[in-house]
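*Asks:* A single structure is presented below for examination.
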């Protein structure tokens, strides 16, 4: 952090030389008249004889210069805003009230001009119908009253906009499946610069989910797909959004088309998104972006060169973004991202630097100073880069050449610190006081002094210029002697006070504007003395002890006891868990020390204090406990499996150290400390070195040391610097060696990689050895990737299904380790060589078909792939559909077809080596679609234990399949399955159920093209009753109407109407006739 420091000062005061010029400044003179006009003042022809009674102090407390309460802030005005005005705020507290002016780019704004867009409301500036060419710039507000002018911080006005994307058609992106793809967003012109980006696929609002395979850069808006899959095919549109003006725009669609390649190739990691050199401000959050193309999908890893990543980081977006939160200067450095997959690596490095806004270390404050006095104005700011300091007085730039303070120096001062990241202001009012001496808030009080002690009388009137001082005792004028001194500030000091010094002392102060005095009586008291001093004590940790203290004092004053430890006063309330003060009478105190800890050892002082004097006595407390932490732990020697440590002894805390324990943690233990094996196994208390053994080679370790004595085990030392053991030959072999499969003429060998803690050195990799089962000579291949899991050996001369013996071992820069167990692996089989023969393909409906074929006689068939697409469609594009069946199946069903369409079908056999040749294709024609209109249900009819459902016939159109009948599904409500019926009639009888559950009837027309649209009707659970009673209670009778179901509707029957008495017994067995 760099500092800027500017100091403004005046020279030493000189004697009054010209009284009439003291108030020579017109504005300052007016200020005095305005403040004092209501008060009593005496005037003569000479201004210098003006005698101010009480005016200055009462008036100056009520009036003050402008102090900002609201200042303008940076404003972005959306060009499409319906509110055609901008309001820049400015409000200052001042007495008298402030008046306001505004500046644009350091030129005054005139709200009163003829064609002005500006107006003022209080201190606020209103811009009506703003225009970009006229009103963009830096605005500042000036607030003024009789004490001066202050200038606000500058605030910018900018116009926010986000243009539309270009209307030009976007070219298609052609990419092979398995390759990476980049779709460019190319955002339109905009302000401000910050945009957020999303992408949609095919239609809004189908937003593309972001994961390890897909990433949208929030810097450029580009969409990156590390490995393209068939599901990525489609039309893409970039959405750019401006949060500042709440507007979003869409790009034209970008088609992404796939080129099929079999087999799908693999590609090494290739970083396409690389974060640039970045400058951040302290406290900001920043985002570093890295993303790579590759197959398999690369993994992104983040590092900081020469240090660990900051604790305040978060890795998001499946590793593509490193967020540094609340950055500090310690977060600066070179950062790297590494993209890794099984085919290769890619790296990127860039610098992150942290800078800072200006910030005040010291700044000016409102000050009142005496006329002709010395005064220093100081401003110190820190920031990166180093801020520049400049000054304003009453809103104007100023350079100070003070000789001494006069009334002309009064005014409103501003200190401004600025670097490229911002500007800060410090405002202060300087007032210059002039007046006769006056004693304020200094009532006459008795002064107490201890016998044989020292006393000081203060004499500090308010006066300017500085007055001269004289003292008297009673009627005797005092002068300096061996016991009596008059200080420069007017104070009187008396040494070795005796009872004869009692009396009334008067201070006289005088300057050119008048004089004043104050009288103070002196009373001499007896001195305070310690009569019982505290005693030394010796305890163990967690023990209790106490110290006692007593003192004599003058009976006319009160006494208090204060306890301190090592010259720091003990806060009995804050540390009540360990300290308690007990008073025994008025002149005796006891300090109880509870549950003593090592930090409580030291020098305890009891201070007996009165209003007049104090005295003290001390004692020592020794606290014995576990040892303190050893210091300076460091590695002095190292090998591949051991290190020699050295440390310095910590405090034994008054009990000899009996032994040491060494602990370690390594780069793999994640902050877990473990006890180390050492030589010697038991480290004695007088040792300061030891050897740690049984370590892993080429592993980074930290060590700490813990001391123990008879009273316990102490705190651990600070960890040593990280040290890496030396390299060694690997001793751990890869496990789970196996393999097989792959493409034709390939031998695939797989294994489980060695864990990183067993690398034992740099340049770690694997030696893969293999030979035919009957062969004698081993082939050896080096694989340099320590995370590799397989190796593929390609040889056109390898017969299929050949038996090989394989083994794998590790190597590093120091040599080769042991081989794994030998495993038997078979080379890949050949891809099928023959094409299947299709027996039959036929359309089953408008959307389904079936196909069958003759099984191949080859023994290496894993399954069959059936591909089908619309004639004249894209056999490799969106129209292509596929079904895969096992090698034992010779038929399958094809679904998802379109009605009345011609489809092409071909079949290929496949195995782990790939696909065989395709069959001769056949063509089928799907059937017409079923009617898209549901049957119209016209009613239901009860037939004993059956319910009859009837509907109107559905007549197919010319482009629809002929109706063969109807399918009726009878099921419980809420269920998906039930009983399916078929009928050629337009009605059906269904059984009623006595379970009281509601049922649903679904009716569809059935055609050769499939089933048509569904019609539905519900059958209530109480449908089995043959009539419906509508009961209306009226007094003591029930009125009952019979309703019969006739021609699928309820019909009331008046002849069946009757009235009957409701039995008092409420007999529910009464039957209707």
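Placement of Cβ uses the backbone N, Cα and C atoms for every residue, glycine included.
Whatever TrEMBL says is automated annotation, not expert-curated.
Feature table excerpt (TrEMBL):
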- 66-158: domain 'Ig-like' (DOMAIN)
- 175-250: domain 'Ig-like' (DOMAIN)
- 268-353: domain 'Ig-like' (DOMAIN)
- 358-431: domain 'Ig-like' (DOMAIN)
- 437-525: domain 'Ig-like' (DOMAIN)
- 528-622: domain 'Ig-like' (DOMAIN)
- 629-728: domain 'Fibronectin type-III' (DOMAIN)
- 733-830: domain 'Fibronectin type-III' (DOMAIN)
- 835-929: domain 'Fibronectin type-III' (DOMAIN)
- 710-742: region 'Disordered' (REGION)
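How buried are these features, and what lies next to them?
*Replies:* Helix first, then strand, then coil: DSSP counts for the domain 'Ig-like' (66-158) stand at 4 helix, 52 strand, 37 coil.
Within the model, the domain 'Ig-like' (175-250) carries an average pLDDT of 93.
DSSP labels the residues of the domain 'Fibronectin type-III' (629-728) in these numbers: 0 helix, 50 strand, 50 coil.
Across the domain 'Fibronectin type-III' (733-830), DSSP helix (H, G, I), strand (E, B) and coil residues number 3 helix, 49 strand, 46 coil.
Only residues 6 or more beyond the boundaries of the region 'Disordered' (710-742), in the same chain, are considered here, and those with a CB under 8 A from a CB of the stretch are 540-541, 624-631, 633-635, 638-643, 645, 647, 650, 653, 655-656, 658, 661, 663, 665, 673, 695-704, 748-755, 758-762, 764, 766, 790, 792, 806-823, 825-828, 912-913.
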*Asks:* Work out, from DSSP, the number of helix, strand and coil residues along the domain 'Fibronectin type-III' (835-929).
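*Replies:* Breakdown, helix to coil: 0 helix, 47 strand, 48 coil.
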*Asks:* Tally of helix, strand and coil residues over the domain 'Ig-like' (528-622) according to DSSP?
*Replies:* 3 helix, 54 strand, 38 coil
*Asks:* Mind checking how the domain 'Ig-like' (358-431) divides into helix, strand and coil residues in DSSP?
*Replies:* 3 helix, 45 strand, 26 coil
